[in-house]
Amino acid sequence: MHKLIIKYNKQLKMLNLRDGKTYTISEDERADITLKSLGEVIHLEQNNQGTWQANHTSINKVLVRKGDLDDITLQLYTEADYASFAYPSIQDTMTIGSNAYDDMVIQSLMNAIIIKDFQSIQETQYVRIVHDKNTDVYINYELQEQLTNKAYIGDHIYVEGIWLEVQADGLNVLSQNTVASSLIRLTQEMPHAQADDYNTYHRSPRIIHREPTDDIKIERPPQPIQKNNTVIWRSIIPPLVMIALTVVIFLVRPIGIYILMMIGMSTVTIVFGITTYFSEKKKYNKDVEKREKDYKAYLDNKSKEINKAIKAQRFSLNYHYPTVAEIKDIVETKAPRIYEKTSHHHDFLHYKLGIANVEKSFKLDYQEEEFNQRRDELFDDAKELYEFYTDVEQAPLINDLNHGPIAYIGARHLILEELEKMLIQLSTFHSYHDLEFLFVTREDEVETLKWARWLPHMTLRGQNIRGFVYNQRTRDQILTSIYSMIKERIQAVRERSRSNEQIIFTPQLVFVITDMSLIIDHVILEYVNQDLSEYGISLIFVEDVIESLPEHVDTIIDIKSRTEGELITKEKELVQLKFTPENIDNVDKEYIARRLANLIHVEHLKNAIPDSITFLEMYNVKEVDQLDVVNRWRQNETYKTMAVPLGVRGKDDILSLNLHEKAHGPHGLVAGTTGSGKSEIIQSYILSLAINFHPHEVAFLLIDYKGGGMANLFKDLVHLVGTITNLDGDEAMRALTSIKAELRKRQRLFGEHDVNHINQYHKLFKEGVATEPMPHLFIISDEFAELKSEQPDFMKELVSTARIGRSLGIHLILATQKPSGVVDDQIWSNSKFKLALKVQDRQDSNEILKTPDAADITLPGRAYLQVGNNEIYELFQSAWSGATYDIEGDKLEVEDKTIYMINDYGQLQAINKDLSGLEDEETKENQTELEAVIDHIESITTRLEIEEVKRPWLPPLPENVYQEDLVETDFRKLWSDDAKEVELTLGLKDVPEEQYQGPMVLQLKKAGHIALIGSPGYGRTTFLHNIIFDVARHHRPDQAHMYLFDFGTNGLMPVTDIPHVADYFTVDQEDKIAKAIRKIHDIISERKRLLSQERVVNIEQYNKETGNSIPNVFLIIDNYDTVKESPFMEEYEEMMSKVTREGLALGVYIILSGSRSSAIKSAIFTNIKTRVALYLFENNELTNIIGSYKKGVKDVKGRAAINDDNFTQFQIAQPFELAEGQTYNERIKNEVAQMKEFYVGDYPKHIPMMPDKVFMEDIREAYDLEKIIHEEHKLPLGLDFEDVELVSLDLTSSSIVTAIKPTEMEKMNDVIMSSLSVYSKNQFVILVDAEDNMSQYSEDVTSYYSAPSDLSNIRLGFKQEIEARKNGEKSIEECKIVFINNIKRFNQLTGMTEDEIRVLFNEGQKVNIIIIASGLYSDTIGAFDRESKMMVRTINQALISHKISEQEFIRVKDRFGEPELKVGEMYYINNQEYQKIKLMEG
């Protein structure tokens, strides 16, 4: 062990050096030592001799290097430089210096320092350091400015190359110079830095002191000694009586010797009786004494035996259930007893309640004395012994949490203290892997239990939160998860009950409820009200009184006071056992909790399998160049083996996965829950294959249903031939079609080369016989469970396809998070290998492996490989390719500077602003090993110019396609004099059956009319815009005319300025649309006439025969649905029917859009050959449009399907791609302007529409009025509504001008006179002003008459002039125009007869005298007098301000619903024909 002190520019650092490791010193915060402004990087390492070097320069005690701002001093200390001295025992001041009188003498120390106040260090925890101003003193590596400073226990002091550490009993010293001192040395060994695994804790073998359980039997006393009950007098009296009788007999009759014999015998009998009596009595007394002595000795031995057993029991209890003070010592010393209890031990979840007289662990057997009249004291002694050892006095009273809910009752503060003792006991002896606590308590009680937050057992690891519920937020955050956990455990028990297999749930949850109000309205209440012991959950209730407890509580503990408690019931049995709770006032509970918090419990010794291994470590390389990819590609051949490294079984023990058909392949399953490393193991496998096999031998098709995450990682990998993400119904069918197309292609190539297996083909390809590469295709689905759920048909077909394609080199790898219910028989039978990482439960493990092993995996990346029927079954650690690629090799790790606060829930909460932990200017994006390897392969591919394999899976159609990407769009290059066949490029089509994507082109001659049906907002207008621009760019304006019917929301308005557009119509322009309908009818009729004239059948033949170029006409209709609701529906549909029937041959095409096919009349829709469908809200509508189509159209704007043979889908092209900052309308205007500037020629004519007002000046600009009036002898009136052409009064015949209202009459007169004023310059014009209100025109005419006398004269003048001209007396060449203002009044004033009127109007026009008569309708046409009727009969020309249906000048067909005429509107009638006109204004 070495210590290195680095000093530079007043910065001081210390580094503990470990043998075999390397270190860096630099400005970089990721370095082991960071020194500001250092200006270089110093690498510390050992050479072969073990000498430490700085940038290859050995450090011999001190090494000084030149730095940018100061010298860099490196001082190396070894064990030999270490010493430790006690403080002086008497004085309170000591000196360290170079003088002999100093308490500690170090010759190299130039200036002495003083250590003071160490005698009180136990109380103050510090000493004082005093030095002079010339001495630099560092405390904890910070330079001190003051001359006196405090140094606390554990602080480091550095002064002039001397390192000191303050301890409670002395100073530790590091000095490269000899330290001489009279002080007591404490130790000679330098303390080592803590090992890397200092805080790890492994269980030691447990020592269990069993409580005695052997029965002890107290035998009954021996049977009492039977006492001889014979009374001595009974033995004496008979012989005495015999003697007395003998004497009586002798006195009566002396017998002699016989008497002596009788007396002798009786005497002897008496003697023997007396002796026998006393002898037996003595023996009896001895036997009684011996019986009593022997039995008491037996009882004494039994007492010793019982006492020994009791002592053993008490020792066992005290050992396994120590006091809290003893527990503190156990934790403090990190004793091996910590976490000694497991769920398999008999005393799991047992804890001490207190001290009590507890039941013996052994059975003391004693048989009571049966009924006996005589009392046997020995029975009493035995009974006394039996009763004396009824209990074990003053022993720990044990309770457990295994047998039903328990409850504490009493004062809450006392109960909380008991719960604290329980917490300490259970937490010390049970690992947090096996036991967790959840407290539902009052918020005010959390402070009492605050110390327990340090216990690792208080963290619910499944929820990553502390097990405290004390308010609404914590309740919702925790209890819902606990509810789900309980539910899952109950379900597991129900399922396992069928197999009679016991389940042990871990961790055990101790659920303490001190406040029921928090759960009373929560769903978890249904489980709290039952016994959950079977499910690994122990319930503890706390209430004030027993009446408040739930009925299912089995054990009740009453805490009466701090010194008295009572175990009322235990497991439903009444025990009423009093006990004395332990006093823990002097125990630091938080200290115990903090000590336990420091321990990281490792349940098993580290396996040979590493916890993790990076991808490059698996290949035993540091840089990607060392992978030797090119050589691997050259040497490895898939037809021999496809084995590639996937992970390690142990150190240098590589596990390979070989999907060769004869090895582990060709198909397989991967299962692993979230966070198990499932995606990572797939990534490593893909990367391993890519490293070992050429892109022409191995390729990947990724199905990432979760959204393309994995696909994005490999987007630059040359082996990747396609990705399938986010499949919907349409994409699923497309994917299947593409895969099947690939199979057909492979079968075709096999047939061409007469092989039937991929391996044979690869041999031919290596030999150069086969030229098209055909790699093994790995189809990998990262989450097929969801895919199968959403697209079951696709999944079924995919598995079936893979089964068929095994000889064609198709490999299928299916991955899922939860295999239960997903892996069916077909998938299982087709999957030879299975990879199982950590799965959610045993059922999932059994589903994939047929064993529960995978449910016990805890590490990410740890997996089982199973091949076949356990032909191979191995546990390994898969490689991780997401590790940071350290290309510089300096292994600098980014120091996370994020500051976290552990909040009240036990969760980390970042509190500093920069959550990245890095300064902005230092932020650096690190490349992963996966990215580095892919980049390396990509560079090799580029360098070797490897040709990409044809992709079986083309990417989904993009959502944005532009016309310029599909065809030439520069109209300058495309416009020509030659008439071209119309081809429309609709967009980018997708033909998975042919593995092709390209322009969707329609030859309009074959395709015919086009109907696009789609829901609003899905590209209908874009479709039309694209066609409009496509036509405009390929044909000049004189070759293509477009009529835009915009019945939607003005979507076609932006393109109206395109020079090809003849006109633009909206639905409210009824008159204009009516004109357009007539215009189209005229076009049809005219073109039919031309074809008939040339005897050809279509417009192309006509153009060819005649050399003419009749333009194609396009009727483009947006939102056809509106037609159904329009007033012009019938006329429009009639026109549409005609065009759809006859238009194709005539070069008239319809392209329409709508939202419903039903809006189009069936007769019309039937004639539309090409039908296109966008996405539709109503699915059944699709069938009506394009026929029976199973795929459907994707919900993407612009995605469409067409009714060709394959129901081809395509993405509608947009007419152009916008430049940055450019708007859509700006882009259109730019191109339109360029077209107009480039084109020289005629533009298509607009549909003429009547302006709001017709001004004389506008007429003058548009027409040559002088010519019309003087040469054509016509008088301009206004514009015709139909053609918007000039309508003029014929001045070669008389006419009448009439109106209903006088005001209208005046206006009409003004218009007539305005035109006549031009005419009068060269012609003779007479104004007869019978109304006398037009005198303002008197100067503009040749003659003006208004006086009644003048009018009478003029009547005669008319007659004479007509006669003179008829007789030839006057020339008829000179035309005289006579305008009569108010013809009725003129007749009244002049008295003209019927015949005179006939002559004036009929005969006068024959001799070039033209009468223009004006008057109100009621006075002229509507009058009933004979003169008026004569006038009407003789005139063929009229200008009437009256509805045509109501006038009587000519007869017309009934016109129902004719609108009222607006101001300035009127009818011009000539020879029974009429035109609606708008009168011009001055």
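Keep in mind that glycine also has a Cβ here, set from the backbone N, Cα and C atoms.
Record features (Swiss-Prot):
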type	residues	note
BINDING	672-679, 1014-1021	ATP binding site
DOMAIN	997-1183	domain 'FtsK 2'
TOPO_DOM	1-229	topological domain 'Cytoplasmic'
TOPO_DOM	280-1482	topological domain 'Cytoplasmic'
TRANSMEM	230-252	transmembrane segment
TRANSMEM	257-279	transmembrane segment
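Neighbour counts were taken as the number of other C-beta atoms within 10 angstroms of each residue's C-beta; across the binding-site residues GLY672, GLY1014, PRO1016, the minimum falls on PRO1016.
Put plainly, the binding-site residues THR674, SER676 were compared by Cβ crowding within 10 Å, and the winner is SER676.
Within its own chain, ARG1020 (ATP binding site) has LEU1012, GLY1014, GLY1048, GLY1051, ASP1118, ASN1119, SER1153, GLY1154, SER1155, LEU1174 as residues 6 or more apart in sequence whose C-beta sits under 8 angstroms from its own.
Model confidence over the topological domain 'Cytoplasmic' (280-1482) stands at 88, taken as the mean pLDDT rounded to a whole number. Take the CB of LYS678 (ATP binding site) and look out to 10 A: across all protein chains shown you find 27 other CB atoms. Packing around TYR1018 (ATP binding site) is summarised by its Cβ count: 24 other Cβ atoms lie within 10 angstroms of its Cβ, all protein chains included.
Secondary structure from DSSP puts ARG1020 (ATP binding site) in a helix.
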